[in-house]
Each structure stands twice: as structure tokens, then as C-alpha cells.
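K.L.:
Just passing along the structure, written as C-alpha cells.
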Amino acid sequence: MFGLLRRNLVNRVVINTTKAAPPLLSPSPHHTPTRLARFTSTHYYNSNHRELYRRYHTSINHKMVADLKAYYEQVDALEGAFVERLRKAVAIPSVSAEPERRPDVVKMAEWLKAELETLGASVQYYYPGEQHPGLDLPPVLLGRYGSDPNKRTILVYGHYDVQPAFKEDGWDSQPFDLTIDKDGRMFGRGSTDDKGPVLGWLNVIEAHKKANLEFPVNLLMCFEGMEESGSEGLEEMIKKEAKNFYKDTDAVCISDNYWLGTTKPCLTYGLRGCSYYQLEVSGPGQDLHSGVYGGTVTEPMTDLTNLMTTLVDNKGKILIPGIYDQVAPLTDKEVALYQNIDFGMDTIHEALGSTTTISNDAKETLMKRWRFPSLSLHGIEGAYYAPGAKTVIPAKVIGKFSIRTVPNMELAEVTRLVTAHVEKEAAKLGTNNTIKVSLIHDGKWWVADPDHWNFRAAAKATEQVWGVKPDLTREGGSIPITLTFEEETGKNVLLLPMGTSTDQPHSINEKLDKKNYIQGTKLLGSYLHYVAEEKME
Ligand SMILES: C[C@H](N)C(=O)N[C@@H](Cc1c[nH]cn1)C(=O)O
Ligand SMILES: [Zn+2]
Ligand SMILES: [Zn+2]
């Protein structure tokens, strides 16, 4: 069933939500993206409320309109408290990739659990076990807020771990101190990926409580601490709990990706997968003096860099034979759909901070991001990287690279091709070093059906809060557990992002605009109200 559905979906690239039913609360005609960009936050919040007020007197669903109006006012009133909540979360350096930071990842789980419990949610831990002997995986939070059998139940997922960050990488501020500039940009590791969006759900609960509003749905939560490291241990939990803790789920919502640009919100129905590898080359028993041993020993770094250049060229073409054979062919229909995308190279260049794109064609660039695989070289462990000129020959180096996978690539086949290629290329080197390639983690690509009440509710909420119809997008990044949620619950999964294309997740100076955090909190809450309104299919 899923195989069939997927085959029908893989080539679909829908850009505008033309199929969405007209929103119950339509936005002001002034809210075009261009105009939105010029609005100050206050202006926007006020016009948002005015529109609701107008609708209060004319629309059919008086209760929802009144509730949303009160909700938006409460969110605005709590802005300072919500920013403080984000500040506290960013201050906990919950980096899942660094074993020495694991206590901080656990501290983050404890902090989040306590916050949720203070808000009245019930939360339990699931312990996925050990990552490797002596290193426990952090707990997954299974939360519930409300259990009214007459209400819909929405399962929300997010992650409380973050990517590594060091000031020396080039940050303008301390990465774990939330720093807000005059334009309301909130800099800090995890601000947009994914602490801001996760806290958005907590903010939704708090604003409803403080405004004495009935919560529109039952909320089930799954917040994990290993997403940035391949969601290790999570799949097993979902497989077990889909029919237990999460059995009432009617639909799933994930807020963990980004708008295509800076002015127009989007709903996302596709992700690339990610297969992450390491390539270890070792020889000498310890690091060596290059003056004493240079020219006399087979250097691991030389072997490694030779091998790494056989993986990909500088036009982004993957050089591993067979990789492109599994990629779903590009159809004329799909090409035509890309023609309608309102998206230019300036948007990409702004987010990139340069004009060094491989192509200068926006459609081609989007296709490369969404529907073709890519291979990135990430780094070399064990290599000398500090400033200065140290004359060392590293004894063991580990190259890191990953492949973003797309429909219809089979992950086991990708790993088989990678291994065969490295073995063949290593043999050509005629080296006496030891070379090992291994898969660190992999997660599947995902493409969903956006013609569903879950997406319609989100489209209406977006139009209400942002005053513009959202784009329907796919995403180049990966959220490894998404497909598992879809398969195990059998329910529709929607990605509803909060941040924009300029947020720089994983990079230096990661940020979330305050406006997106506050309006995003309104959006998540509104979505739950519209979900309650939508007729279930
Ligand atoms: C899109 C999401 N916010 C994200 O950043 N996902 C990571 C997940 C990951 C890490 N290793 C493998 N997958 C990403 O796309 O890199
Ligand atoms: Zn994320
Ligand atoms: Zn991330």
C-alpha cells in the first residue's frame, strides 16, 4: 500500500496549495509577502488582531474566532516570557554528537520535562539504551496534554539536541548565550533547530492556560535528544508505542525545517534521507615528525584525501558508480511544476551568504536540493586543524561524509555501492595502510500526500497568521524518524516550519527571528484549532 502510494508521489512537486479549502478566517488583502516584509512586528500583530475582530462580527464560527483572538493577544503578552524560555533552553549545550556533552543532553531532557509538567502535561521517559558501552542514549520524552475522547489527537515531534558549536568557528556571539540584536534576530545554537519550534508547543499550552481557553485537541508529544546524530534508538520506541502510547494519534505534525525564503511561509511534504559514513585510514603506531619520517612512510592522510576525491566532483556529481541508477526519473510533468515556483537565485544567495552556487538557475538548484542525491565531505578527525604550522604526520585519520538520498534509493544498496567503491579505489592505491569504511547512521527519505485535512488545517492557519497562502515544498535536509511515524501510526505527517531560509541551522550564527518565534507560536496554536475544525477523512 505504502509502496504504491509512494510511487505515485515521488515525482510530485506541488507549489501552491491551490487544493486547500478557503480559510474560515481569510486574511486582509494587504498581507502579500512583499508587504509583509515591510511591516514592523507590532503593525503586523495589530492588523492580525483587527482582522480577527472584523471576523468576530461576521464569520460563522464565533467561538473559534473569539478563541483565536484571545489566544493571539495572550501570545503577544507573553512574548518576554517565551523569549526567556528560549534563552534557558539555548543555555544548555545539548550537543548529541559529542559524548562529553551527554550529561548536558540529559539535563536538557530534565529541564524540558519539568517545564512541560509545570504546564500540566504528563511526561514519561523512554530510555533507548546504550549508544556504545559506557555511553547511554538520552531519554525520549513521551508527553500528553489532554485526553478528551471527543477531541482529535495530534502527535507532535521535535528534538532537544543540537549540532556542535564553538565560538572559534566564527560566531559573532557565544553560541549558547541567546543574543538578540536590534532587528529581533535571536542568535544561539538550537534557536531555530529545533529548540525554538519545540518550545513553540509549550508556548501554545501556556497561552491557552493563561487566557483560560479550552485546548482544541489532545496533544501527544515525542521529543528526542539524538536527532542530530541519526535518531538512534527512536525507531524501536515508535514501533513499540505507535499502538500503545501514541495509539490515539489522528495526525502528526513536525516543526523542524525552514521556509524557502524569508517572507513566505510553507508547508513541507518531502525530505531527503541521510546515510552517514566514516572512512578510517591508519598505519603508524603514533603521530610522526614529518622531517624524520616524511618520504619514508605511507601517510594515512595522503591515502584518505586521495580516496575522498574519488567520491564527488566539484560540480556536486557523485562519482560512486550506480548511485544515480536508483533515482526516480525526472518527468516532464515534474519539470513543469518547477516552472511555477516563485523562487529566485537571490533568495539562495542571501541564505548562502555568497554567490558560489554550482548552478545559477533557480529551478535546477531547487531540484538539486529536493529531488537529487548529494554527497558532502564533512571533515577529517585526527588531522591537524589548529592555526599555525605543525609538522606532524597524523597516524590515524577518519574522513566523514554523507549522502542525501531521494526516491527511490534503497539505503542498503547505497551502502553496498559505497563500500564496493571504496574497496576498489583503496586497492588502486596499493597502500600498506589499513582502510575501513563504515556506516555511522542512516535515515530514509520521505514524501507524503499533501492533499489531506492535516495540510488543509495548516494552510488555513498559515493564511490566518501570516496573511498569505503557504508554498508547498520539499526539503533537502533529513528528519530520520518521519517515515517511521507515517508507517507505524498509519497517519498523515505534516512538516510545519517556524524559521526562515536565513536562519543558518548547523552553521555559525544560527538564529531565529523573534517575529517568527512569536508568530510561529500563534501558527502552531491556530493549526490545532483548525485541525479541530477540519472534517476528518
Ligand atoms: C532538518 C532538520 N532540522 C535537520 O537538521 N536534520 C538533520 C538530521 C540528520 C543529522 N544526521 C543525519 N540526519 C540533517 O538534515 O542533517
Ligand atoms: Zn532539526
Ligand atoms: Zn539539525
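Placement of Cβ uses the backbone N, Cα and C atoms for every residue, glycine included.
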K.L.:
Have a look through Asp67, Asp76, Asp256 and flag the one TrEMBL assigns to the Mn(2+) 2 site that His159, Asp193 belong to.
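P.N.:
For the Mn(2+) 2 site that includes His159, Asp193, TrEMBL also lists Asp256.
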K.L.:
Have a look through Glu224, Glu228, Glu232 and flag the one TrEMBL assigns to the Mn(2+) 1 site that Asp193, His506 belong to.
P.N.:
Glu228
K.L.:
Given that TrEMBL annotates Asp256, His289, Arg404, Ser478, His506 as substrate-binding, name the residue from Thr302, Thr391, Thr489 that shares the site.
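P.N.:
So the substrate site in TrEMBL includes Asp256, His289, Arg404, Ser478, His506 plus, from the candidates Thr302, Thr391, Thr489, Thr391.
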K.L.:
Do any of the recorded positions Asp161, Glu228, His506 touch ligand 2, in the sense that the CB is under 6 Å from one of its atoms?
P.N.:
none
K.L.:
Out of Thr391, Arg404, Ser478, His506, give those binding-site residues positioned within 10 angstroms of His159 (Mn(2+) 2 binding site), comparing C-alpha atoms, in sequence order.
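P.N.:
Checking Cα-Cα distances against His159 (Mn(2+) 2 binding site), none of the binding-site residues falls within 10 Å.
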K.L.:
Going through the recorded positions Asp161, Asp193, Glu228, His289, Thr391, Ser478 in sequence order, which have a CB under 6 Å from an atom of ligand 3?
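P.N.:
Result: Asp193, Glu228.
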K.L.:
Using all protein chains shown, find which of the recorded positions Asp193, Glu227, Asp256 scores highest when you count other CB atoms within 10 A of its CB.
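P.N.:
Result of the Cβ crowding comparison: Asp193.
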K.L.:
Calculate the distance in Å between the alpha carbons (Cα) of Glu228 (Mn(2+) 1 binding site) and Asp161 (active site), and round it to a whole number.
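P.N.:
Checking the Cα atoms of Glu228 (Mn(2+) 1 binding site) and Asp161 (active site) gives a distance of 7 Å.
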K.L.:
List, in residue order, those binding-site residues out of His159, Asp193, Asp256, Thr391, Ser478 with a Cβ under 6 Å from any atom belonging to ligand 1.
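P.N.:
Listed by sequence, the hits are Asp193, Asp256, Ser478.
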K.L.:
Please give me the CB contact count at 10 A for Arg404 (substrate binding site), counting all chains in the structure.
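P.N.:
Its Cβ shell of radius 10 Å holds 22 other Cβ atoms.
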